[in-house]
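**Q** From Swiss-Prot, here are the annotated features:
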{"type": "BINDING", "residues": "Arg45", "note": "O2 binding site"}
{"type": "BINDING", "residues": "His49, Glu55, His98", "note": "Fe cation binding site"}
{"type": "BINDING", "residues": "Glu55, Arg102, Glu112", "note": "substrate binding site"}
{"type": "BINDING", "residues": "Cys127, Cys130, Cys164, Cys167", "note": "divalent metal cation binding site"}
Amino acid sequence: MLNTTPINIDAWLAENSHLLQPPVNNFCLHRGGFTVMLVGGPNERTDYHVNPTPEWFYQKTGAMTLRIVDEQLSGAARFRDVTIREGDSFLLPANVPHNPVRYADTVGIVVEQDRPAGHFDQLRWYCRGCRELVCKYEFYMSDLSSQVREGIERFAASAEDRVCKHCGTLNYPTPQASAT
């Protein structure tokens, strides 16, 4: 049966904002061809997600920082921050590593395409000391409401995965006061 019931976002948030929980703080409103998510802040994650399809961001309340890795550059210059302010939309191209940083009392909407067969997502962690790749998990994304969280929990549970092979720095699944 065709769903013809609109969702009032403000009313939904007033009743359900408690569902936006760390580390990802997302709730999937719609699925089927695309997934439409509400995402609140603050979130608690240090991973960079690599999506084989584009992602559309709309910042409803407050501002967020989208940390990206421009793989056409080298060294520290490849790490860039994109500020998405209240009312802004931003289309992130496919295959760009990104870490959404959401602050307290902020809400955004993110739209992602369903993944084509044979296309895989990645969660990556870069060393907070030397910025080299520390760990990478690759998987077929079938459930945005759980798989990113599960990857973060897997990284948190493995001290071996969190130690940089280049400089020996221990990395964390959540932001630390001393993290760069």
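Cβ atoms here come from the backbone N, Cα and C positions, even for glycine.
Show me how these features fit into the shown structure, please.
**A** Counting only residues at least six positions away in the same chain, the Cβ atoms of Pro22, Pro23, Val24, Asn99, Pro100, Val148, Ile152, Pro173, Thr174, Pro175 sit under 8 Å from the Cβ of Arg45 (O2 binding site). For the recorded site, Arg45 (O2 binding site), the DSSP three-state label reads coil.
Cβ neighbours within 10 Å of Glu55 (Fe cation binding site), excluding its own Cβ and spanning all shown chains: 20.
The secondary structure of Glu55 (Fe cation binding site), as reduced to three states from DSSP, is extended strand.
Taking all protein chains in view, 13 other C-beta atoms sit within 10 angstroms of the C-beta of Cys130 (divalent metal cation binding site).
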**Q** Beyond the listed site residues Cys127, Cys130, Cys164, Cys167, identify every same-chain residue whose Cβ lies within 8 Å of the center of their Cβ atoms for the divalent metal cation site.
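**A** After dropping the recorded site residues, what remains is Arg128, Gly129, Arg131, Glu132, Val134, Lys165, His166, Gly168, Thr169, Asn171.
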**Q** Quick one: of the binding-site residues Arg102, Glu112, Cys127, Cys164, Cys167, which has its CA closest to the CA of His49 (Fe cation binding site)?
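**A** Of the binding-site residues Arg102, Glu112, Cys127, Cys164, Cys167, Glu112 has its Cα closest to that of His49 (Fe cation binding site).
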**Q** Show me the subset of Glu112, Cys127, Cys167 whose Cα is within 10 Å of Glu55 (Fe cation binding site); these are the binding-site residues I mean.
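**A** Passing the 10 Å Cα cut: Glu112.
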